[in-house]
Amino acid sequence: MTQYHPLSEGEAIQFAKSIPDLFAADAQLASREIGDGNLNLVFHITEPATGKSIILKQALPYAKVVGESWPLTLDRARIESEALQYEGALCPDLVPRVYQYVPELALTVMEDLSDHVIMRRGLIERNKYPKFAGDIGRFLSHTLFYSSDLGMNQQDKKERVKQFINPDLCKITEDLIFDDPYRDAETNSFDETIRDEAEALWNDTELKLEVARLRHGFLTNAQALLHGDLHTGSIFITEQSTKVIDPEFAYYGPMGFDIGAVIANLLLNFAGQEGWSPDAASRAEYREYLLTTVKDTWTTFEWEFRSLWNDRSVDRISNTPGFQDIYVEQLLRDTIGYAGCKMVRRIVGLAHVADIDKIEDAAAKERAQRLALAIGKTLIKHHRSSVSIDEVLDIAVKAAAQ
Ligand SMILES: Nc1ncnc2c1ncn2[C@@H]1O[C@H](COP(=O)(O)OP(=O)(O)O)[C@@H](O)[C@H]1O
Ligand SMILES: CSC[C@H]1O[C@H](OP(=O)(O)O)[C@H](O)[C@@H]1O
């Protein structure tokens, strides 16, 4: 079409009209830029006369949240569209359909999911999603198993690793999650009321040693194709349906990083209930729901992952009795450690979560921040000795009772 440049709302309409077989040349379209994430433009294109709509997601050559001083590759748009297509082939009901990817504009045309809500918002409103744990457990088990050396030919896997090399976006994670929160970094952002907590992180050698281990796993363990940023702002949801969006951080990394991301974000909302629940009884009741969801997410994942391994493994020697247990036990430990890292970064690092930041009552917000840090730090310190997901639930309950 044209050289790369960020589209205006008007240009997004022109572009939408040029997509074959979608809108008539004289269609009356409306366009609104609705991107509320940290990185990209998202145009919602609608045709009021027919009710047809699509989403155009366009990468910017820099991180929107910081500005042009933080350049970022446009190749992440390719990675996102190819990851969505990979996930869609395995779990078509759990991701938006990709209609087209336009490399010159770093732009993906995809299904409009505006009939869903962003899960983070849904949890802040204290809604419950009975299908979520089953859906996300299936998404995780299928996408992770089939992209690993257990589920695909190992030579093909190496080609896949090459396809999803994603250095710029990995660097964001390596710095913002696994480094900056543990030192007095310029990028950090936290309320002065919890400076004591931040300084405690910077001085906690035992904690930093565990984070160093987890960071090393993120840097070196090309276990499976990850979504790479699976927080509740990357999930659209209703009571009947779950859709995972935004896999631009996709790369080959440790499976526990994706599973841990889901668990961390449920636990961040658990901490945020300091500010969102109207009274102690409803706080306890909603927290119970969140912890049940944590447990069900892991158990569904584990059950489906083991079933896939038993029925679909392509790797003979890994079927030696005992290896599956060793593998899954390590996955649980990784999941718990990465969950802890994902919680800590959302309190003291760059880019927070609304579950905590939007709490208006200052005292409740501070309690939520301290609780999230207490849970996150304990998960990190405890992860290597964990043997059951129930330990995560106990850690959260004990921290909330303090
Ligand atoms: N397929 C979609 N359907 C409807 N809205 C979408 C879709 N994809 C993204 N959005 C909207 O755009 C916002 C930002 O999208 P996201 O992919 O998370 O961008 P970023 O990569 O910048 O974080 C979402 O929170 C959502 O409101
Ligand atoms: C400088 S990027 C910060 C942060 O933003 C990303 O989230 P999203 O794409 O959903 O806005 C990712 O979590 C990064 O760590």
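Note that Cβ sites are derived from N, Cα and C of the backbone, with glycine treated the same way.
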(message) For the ATP site that TrEMBL describes with LYS57, GLU111, ASP112, LEU113, ASP246, PRO247, GLU248, which of these is also annotated: ASN40, ASN265?
(response) ASN40
(message) Averaging the per-residue pLDDT over the domain 'Aminoglycoside phosphotransferase' (32-265), what integer do you get?
(response) 97
(message) Most Cβ neighbours within 10 Å: which of the binding-site residues GLU111, ASP229, GLU248 is it?
(response) GLU248
(message) Less than 6 Å between Cβ and the nearest atom of ligand 1 is the rule; apply it to the binding-site residues ASN40, LEU113, ASP246, ARG345.
(response) ASN40, LEU113, ASP246
(request) Could you find out if DSSP has ASP112 (ATP binding site) as helix, strand or coil? (result) coil
(request) State the three-class DSSP label for ARG345 (substrate binding site), counting H, G and I as helix, E and B as strand, and everything else as coil. (result) helix
(message) Among ASN40, LYS57, GLU111, ASP112, ASP229, please name the binding-site residues whose Cβ is nearer than 6 Å to ligand 2.
(response) ASP229
(request) Between ASP246 (ATP binding site) and ASP229 (substrate binding site), find the distance joining the two CA atoms and give it rounded to the nearest Å. (result) 8
